[in-house]
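**Q** Okay, these came from Swiss-Prot:
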type     : residues                                                      : note
ACT_SITE : Cys120                                                        : active site, proton donor
BINDING  : Lys23, Asn24                                                  : phosphoenolpyruvate binding site
BINDING  : Arg96, Arg125, Pro126, Ile127, Asp128, Leu129, Asp309, Val331 : UDP-N-acetyl-alpha-D-glucosamine binding site
MOD_RES  : Cys120                                                        : 2-(S-cysteinyl)pyruvic acid O-phosphothioketal
Amino acid sequence: MDKIIVKGGNTRLSGEVVIEGAKNAVLPLLAATILASEGQTTLTNVPILSDVYTMNNVVRGLDIAVDFNEENNTVVVDASGEILDQAPYEYVSKMRASIVVLGPILARNGHAKVSMPGGCTIGSRPIDLHLKGLEAMGAKIIQVGGDITATAEKLKGATIYMDFPSVGATQNLMMAATLADGVTTIENAAREPEIVDLAILLNEMGANVKGAGTEKLVIKGVKSLHGTQHAVIQDRIEAGTFMVAAAMTSGNVLIKDAIWEHNRPLISKLLEMGVDVKEEDRGIRVKSDVSKLKPVAVKTLPHPGFPTDMQAQFTALMAVVKGKSSISETVFENRFQHLEEMRRMGLHSEILRDTAMIHGGLPLQGARVMSTDLRASAALILTGMVAEGTTTVGKLTHLDRGYYKFHEKLAKLGAQISRVSEA
């Protein structure tokens, strides 16, 4: 079992960092390749992450050829032959995002069986919106013993209103609707950049998807989809994590190829704090003087609101800003587990329902801590950079799901950080 060791107290990050392709984009893109009954689909700018290997194995388990070339960050998928209709439990159980294969398998085969997914233990994160949407399109859904079986000889276009703009449900229903008879309208759809990226791929494959990035999606079904080539967008959450890292260490960092528009909700809060954030030709530059930063109030919301996947990292920034800040989590319940670990490092905080109050600017000390989920693992490492002494972060399986060589990138920026194997 690996662990990360951080020596903190005087860290000041500077330099340039390269951002990978987006984890939250590539997983549904890989699911979408299932829909291509003609030709090969090539995805470029694919990040080397454990979740990508897991999704590759989910798709491969459907008797689909998947070739991942790590040297050039490319995945080639050939789903042109007959495919199986049951996703392999061994891999689906590891990752929540694997539920997005349900819609593509059903649309392609008329029958699909997928186990309830695994992943980070953040609240209940129900999948009822996925299932209700498919039922509205004519699917019969049966849930028995942790397995979901969906049947529909041919999905029918429908008008679907989602009670909450779920990203995963929007993606699942988008993909299913591409091969349905007639027109499907999804109202109160998710608007994240990853939704737009998926719509672009689907249209490149021959689909007819309109409205991506707005609250209303209109998908006109077609008879079949074909392979294509598509570049995965940059990871806005990784970019945001390095923006926060620069801000909390009084750093000066260029986040190369980061997309300003994708990160606008986070950038607006950094600017409100007093962080200097500027768009440059090669990316986004973040400069900061922690002693001059002001506390802020943040509320996570579906895009274009502040991203829930940046909540833990922003908490780490709040910890070094003098005064009382607050952060409200409205997307997922039970997503403050990292605060208990940060308290071991001297963080003063309290939680009232869905809001955490952070008393920042007080001394932090290194400690042994454990990652509780993917983004919390990054937050603990960032906190370790500004805490006096040595911090050891364990349970790195979470980190590897969403960050590629995170410790190496931080080290190149000036952090005293290493990753070691623990017997």
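Including glycine, each Cβ sits where the backbone N, Cα and C put it.
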**Q** Using C-alpha atoms only, work out the spacing between Arg96 (UDP-N-acetyl-alpha-D-glucosamine binding site) and Lys23 (phosphoenolpyruvate binding site) and round it to an integer in Å.
**A** 13
**Q** In Å, rounded, how far does the Cα of Asp309 (UDP-N-acetyl-alpha-D-glucosamine binding site) sit from the Cα of Asn24 (phosphoenolpyruvate binding site)?
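**A** Counting only the Cα atoms, the answer is 10 Å.
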**Q** How many whole Å apart are the CA atoms of Leu129 (UDP-N-acetyl-alpha-D-glucosamine binding site) and Lys23 (phosphoenolpyruvate binding site)?
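**A** One finds 22 Å between the Cα atoms of these residues.
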**Q** If you count other CB atoms within 10 A of each CB, which of Ile127, Leu129, Val331 wins among these binding-site residues?
**A** Val331
**Q** How many Å separate the Cα atoms of Asn24 (phosphoenolpyruvate binding site) and Pro126 (UDP-N-acetyl-alpha-D-glucosamine binding site)?
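**A** With distance taken Cα to Cα, Pro126 (UDP-N-acetyl-alpha-D-glucosamine binding site) is 18 Å from Asn24 (phosphoenolpyruvate binding site).
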**Q** In angstrom units, rounded to an integer, how far apart are the Cα atoms of Asp128 (UDP-N-acetyl-alpha-D-glucosamine binding site) and Lys23 (phosphoenolpyruvate binding site)?
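**A** Checking the Cα atoms of Asp128 (UDP-N-acetyl-alpha-D-glucosamine binding site) and Lys23 (phosphoenolpyruvate binding site) gives a distance of 23 Å.
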**Q** To the nearest whole angstrom, state the Cα distance for the pair Ile127 (UDP-N-acetyl-alpha-D-glucosamine binding site) and Lys23 (phosphoenolpyruvate binding site).
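**A** So the Cα of Lys23 (phosphoenolpyruvate binding site) lies 20 Å away from that of Ile127 (UDP-N-acetyl-alpha-D-glucosamine binding site).
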**Q** Drop a 10 Å sphere on every Cβ of the binding-site residues Lys23, Arg96, Asp128, Asp309 and tell me which sphere holds the fewest other Cβ atoms.
**A** Asp128
